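S.K.: Below are the structure tokens for one structure; questions will follow.
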Amino acid sequence: MASGSDTKSDDLSTAILKQKSRPNRLIVDESINEDNSMVSLSQAKMDELQLFRGDTVLLKGKKRREAVCIVLSDDTCSDEKIRMNRVVRNNLRVRLGDVISIQPCPDVKYGKRVHVLPIDDTVEGITGNLFEVYLKPYFLEAYRPIRKGDIFLVRGGMRAVEFKVVETDPSPYCIVAPDTVIHCEGEPIKREDEEESLNEVGYDDIGGCRKQLAQIKEMVELPLRHPALFKAIGVKPPRGILLYGPPGTGKTLIARAVANETGAFFFLINGPEIMSKLAGESESNLRKAFEEAEKNAPAIIFIDELDAIAPKREKTHGEVERRIVSQLLTLMDGLKQRAHVIVMAATNRPNSIDPALRRFGRFDREVDIGIPDSTGRLEILQIHTKNMKLSDDVDLEQVANETHGHVGADLAALCSEAALQAIRKKMDLIDLEDETIDAEVMNSLAVTMDDFRWALSQSNPSALRETVVEVPQVTWEDIGGLEDVKRELQELVQYPVEHPDKFLKFGMTPSKGVLFYGPPGCGKTLLAKAIANECQANFISIKGPELLTMWFGESEANVREIFDKARQAAPCVLFFDELDSIAKARGGNIGDGGGAADRVINQILTEMDGMSIKKNVFIIGATNRPDIIDPAILRPGRLDQLIYIPLPDEKSRMAILKANLRKSPVAKDVDVDFLAKMTNGFSGADLTEICQRACKLAIRESIENEIRRERDRQTNPSAMEVEEDDPVPEIRRDHFEEAMRFARRSVSDNDIRKYEMFAQTLQQSRGFGSFRFPAGGQSGAGPSPGAGGGSGGGHFTEEDDDLYG
């Protein structure tokens, strides 16, 4: 939802979803009375609605379902509730807590004859006359109102049998009086057919797109139910809706739900099915679909995958596609004014559709069904888990917060994955060969939070399937030293994701990018991995050289695609490793395929500026040649924080060694502090190499000892009865001493000097070292700002040219 300033407009856009409060709208409550034909209200509510005990009322539920019941008064029932038992609730397709409307229905006729059939799985093994045992006692002297399509449950003779009302005369509802003829001949109804109609999708089954649903409701339900509204105001009702959005967000589902809830005739056209090899046949298929819909008005025509049948005409080479597009255009223009036919279409590539279709009068409203935010994800998870057995520790809110960038389909997959994991845990109790599974095992199944955590580790959003990165299991503990850098990074990525309200309060947009630079082997890439793991954001790693291809224009398209994916899966961290390979200073590189590298940089620059503020996309670049990077990319607003990652000092070296050795057995007398003191000028990678070499030496010694012992045992079998201890239980001092003999520094002093000078140039030419506001409000009293800093930067800039000479 939008922020506080525009709540007014927001309320209007979703006004259609609000329940109007009227006295005849009541909340469904559990009934004490088991009778299938009774509902109970409080006496006060009955007086208000002018009902008397024993009156027949018509109840309206969801998905256009109705039921007729007899009303009773119940003093324990509160005024705004209505009590009904499970059978009535199922017929109305409502749950406890839903809202239904109630109307008096005085003129219900006595039925001449009714036809009821049992449902097959409830009558298995019953011998004897169904009518005598079940139906006769149920209807005798009861004057029950029934409606066509109702299912009712009758208990008798130790069993409960469900019946369905197939036909009533007069239709659709009547009262079963003593002289009504009851037929119960015919095949029992299959349970599956019933279940299908029970499981139809309704608006309740759609989560995460409340606003879009409101738009669609006002576009579809108003013209279908109250066309007079538009007539009165003198405009044509809209008749085309285009739903677009990434795959898996529920476009087809919304169309199905709209059809079920409005009760309109639903005609589904799958894009490719229309095509036919005969000339003119494809167009006539389309015409038939529209004719069929007009006959059965009010109707909804839903075209799935519209881009398959209506691509841009100038781009397609096939004659058939062009004719189909033209046919669709004329059909949509030719729909009669109030034929009550609405055309909905879904696609995930709205830009490849012929533009003539996207004007007013054809598909005049385009609804973007985007990737849901965390509240939307919570709604979707609740919908998918409403029939699941969850244990008490499952915290769906936390799951919703951790699934950034997931669409509805991904969340459905997540739930089923978690459920499968719960079944796997009980797998040792289940035998595939058995006919049935113990009820005990069945009852003990429940999905726990651990199952969800496991499923989370397995799932990634479908928008990122191609560029998926295994989020590395690197934590902050793995990184020795660099405390300030870690803090800056956490502020950059975690604050905007976790505390967006603070940024709103201070009226600032968070910064977008960071550039790490420094000598090789100091943990630039490692830092990016750690931040991807620590803050729950999606992570796309881009290796510079992979973007460049030999085709003209392809490299820029790659860049565009990556940024699009990142925006879809926001919050997302884009990590450009070896940034200098793709963002070289422009103009110097003549002869690389028509300046492909320059165009790639231009594309990256425009993408970075075009990152919309709404989406949390962060860019981290890493390079060890900051001097050759294009200066335009280093300005604030693109990569605005330049972080120099220096060679580790003694404290950091100590932390790096400890981080490297925290899983290794090290002898007590190995003095890591001394090791850190002696390795001045070594980078993190060099220190890791020392540790690895020491481990290698210990492993070598251990294996040699085992071979020697094996040899001794073979030569002298009797002596070696006693089992000895492990000859090399830990890494000793001599291993480290030996490893230090081979240790080498990968960064020379000369290189370090260059980096530090570059760092200083950046700091000093851009910052004021001694800037202070004048005290006491006297302007101009302090030193002129930047006098210290500016001149300090001066003597570096002269040497700038021969820095890398």
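Yeah, the Cβs are placed from backbone N, Cα and C, and that goes for glycine too.
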S.K.: Say Swiss-Prot lists Pro247, Gly248, Thr249, Gly250, Lys251, Thr252, Leu253, His384 as binding ATP 1: which of Asn285, Asn348, Asn351, Asn401 is in the same site, per that record?
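M.R.: Answer per Swiss-Prot: Asn348.
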S.K.: Other residues near the ATP 2 site, CB within 8 A of the CB centroid of Gly521, Cys522, Gly523, Lys524, Thr525, Leu526?
M.R.: Phe516, Gly518, Pro520, Leu527, Ala622, Ile645, Gly684, Ala685
S.K.: When you rank Gly521, Lys524, Leu526 by Cα distance to Thr249 (ATP 1 binding site), which of the binding-site residues ends up on top as the closest?
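M.R.: Closest by Cα distance to Thr249 (ATP 1 binding site) among the binding-site residues Gly521, Lys524, Leu526: Leu526.
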S.K.: For Leu253 (ATP 1 binding site), which of the three DSSP-derived states applies: helix, strand, or coil?
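M.R.: Looking at the DSSP assignment, Leu253 (ATP 1 binding site) belongs to a helix.
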S.K.: How many Å separate the Cα atoms of Thr525 (ATP 2 binding site) and Pro247 (ATP 1 binding site)?
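M.R.: One finds 32 Å between the Cα atoms of these residues.
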S.K.: Using only the Cα atoms of Pro247, Gly248, Thr249, Gly250, Lys251, Thr252, Leu253, Asn348, His384, which the record gives as binding ATP 1, return the largest interatomic distance in Å, rounded to a whole number.
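M.R.: Between the most distant Cα atoms of the ATP 1 site, 23 Å.
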S.K.: Given the binding-site residues Gly521, Cys522, Gly523, Lys524, Leu526, find the one whose Cα is closest in space to the Cα of Leu253 (ATP 1 binding site).
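M.R.: Nearest by Cα distance to Leu253 (ATP 1 binding site): Leu526.
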S.K.: Select the closest residue to Lys524 (ATP 2 binding site) from the following binding-site residues, measuring between CA atoms: Pro247, Lys251, His384.
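M.R.: Nearest in space to Lys524 (ATP 2 binding site), counting only the binding-site residues, is Pro247.
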